[in-house]
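Following: one structure in structure tokens, then a few remarks.
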Amino acid sequence: MLLIDAIIIIAAILIVSKSADILVDSAARIAVSLNVSVLIIGLTVVAFGTSAPEMAVSATAALKGHGNIAVANVVGSNVFNLCIILGLVALIRPLKTTESLVKRDSGILFAGTLVLFVFMYDFQISTIEGIIFFAILLSYLAYLGHKGKKPVVEEEISEEEATRHDPLQLALGLLGVVVGAHFLVESSVSIATILGVPEWAIGVTIVAFGTSVPELATAIAAARKEHYSMSAGNLIGSDIFNMFGVIGIAGILSKMTFSTSSLIDVGLLVGTVGIVALFLRTGYVVSRKEGLGLFIIGIARWIHVILTA
């Protein structure tokens with residue numbers, strides 16, 4: 001049974017990742033054909049696309065009453081993005097940052113992480129708190145729209161016109177994301193039950209890794225091709241959408257409760273975001289030494305979760 005669940009998890013991760021790509025690409029083409037501006041597409045379709053795997057998994061987990069997995073997925077994914085992926089890419093080549101990324105976006109992410117810690121201090125996130133988080137995301141997108149800017153996430157938007165197959169691809173992509181998320185959550189819960197491991201530990205490691213596969217794949221592809229196109233902005237932007245959008249929607253769908261160990265990981269996330277923000281300020285470059293430091297923090301955190309599970 002354990003082996004079957006492991007196989008299902010791997011298959012579900014692949015299905016969610018591929019379906020999310022199909023969903024976003026077809027939605028972008030349809031939007032272009034409807035004369036929706038590229039800016040609006042960037043503020044909506046791309047924003048959703050960066051967090052589609054996390055969104056599907058966390059929403060499914062919340063509706064099924066698995067609040068630990070719903071939020072642990074986001075917390076783990078954000079730490080994975082900032083430590084493992086950002087650290088790995090900086091090790092290959094130092095990453096340049098911008099003033100707006102340092103002063104605006106990393107500040108928003110740090111403040112949001114602090115607010116999450118406060119909201120979770122009573123080991124639950126209410127519907128009202130979910131609404132607050134989602135309202136912050138909408139305000140952030142409205143601000144960017146007013147300034148005429150796209151989100152910090154750098155993702156190409158297809159400007160091809162839609163074909164008659166796109167509505168079907170959109171539906172199939174959505175179906176794949178939902179079905180894949182369902183099996184990923186169910187198999188994760190099953191493994192946690194069989195091994196006697198807390199759901200939070202599974203969510204913050206295995207599930208979080210699975211939903212971070214798109215970001216990881218992009219980083220590896222960039223390194224192999226020596227394009228080094230992965231930037232700190234991609235990961236900071238993705239984490240902002242995860243924090244406010246995914247947790248916000250999950251909280252709106254269902255009140256979520258958590259185990260006591262959740263506060264430790266959220267506290268570690270606060271510290272991680274603070275360290276990343278500090279590194280971003282040092283000459284507006286994430287150096288190889290700083291990348292190594294982030295990578296070590298990420299690995300150490302995984303070891304800590306495994307040993308204390």
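Note that Cβ sites are derived from N, Cα and C of the backbone, with glycine treated the same way.
All TrEMBL annotations are machine predictions without curation.
Feature list (source: TrEMBL):
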- 6-24: transmembrane segment (TRANSMEM)
- 6-143: domain 'Sodium/calcium exchanger membrane region' (DOMAIN)
- 31-49: transmembrane segment (TRANSMEM)
- 69-92: transmembrane segment (TRANSMEM)
- 127-146: transmembrane segment (TRANSMEM)
- 167-185: transmembrane segment (TRANSMEM)
- 168-297: domain 'Sodium/calcium exchanger membrane region' (DOMAIN)
- 200-223: transmembrane segment (TRANSMEM)
- 235-254: transmembrane segment (TRANSMEM)
- 260-280: transmembrane segment (TRANSMEM)
- 292-308: transmembrane segment (TRANSMEM)
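DSSP labels the residues of the domain 'Sodium/calcium exchanger membrane region' (168-297) in these numbers: 106 helix, 4 strand, 20 coil. Proximity of the transmembrane segment (167-185) to the transmembrane segment (292-308) is not established, fewer than 3 Cβ-Cβ distances being under 8 Å for residue pairs spaced 6 or more apart.
Long-range contacts of the transmembrane segment (292-308) within the same chain, counting only residues at least 6 positions beyond its ends with a Cβ under 8 Å from a Cβ of the stretch, are 79-80, 82-84, 86-88, 90-91, 201, 204-205, 261, 265, 268, 272, 275-276, 279, 286.
Using a Cβ-Cβ cut-off under 8 Å and counting only residues 6 or more beyond its ends in the same chain, the transmembrane segment (6-24) has close neighbours at 45-46, 48-49, 52-53, 56-57, 169-170, 172-177, 179-181, 183-184, 186-188, 191, 206, 210-211, 213-214, 217.
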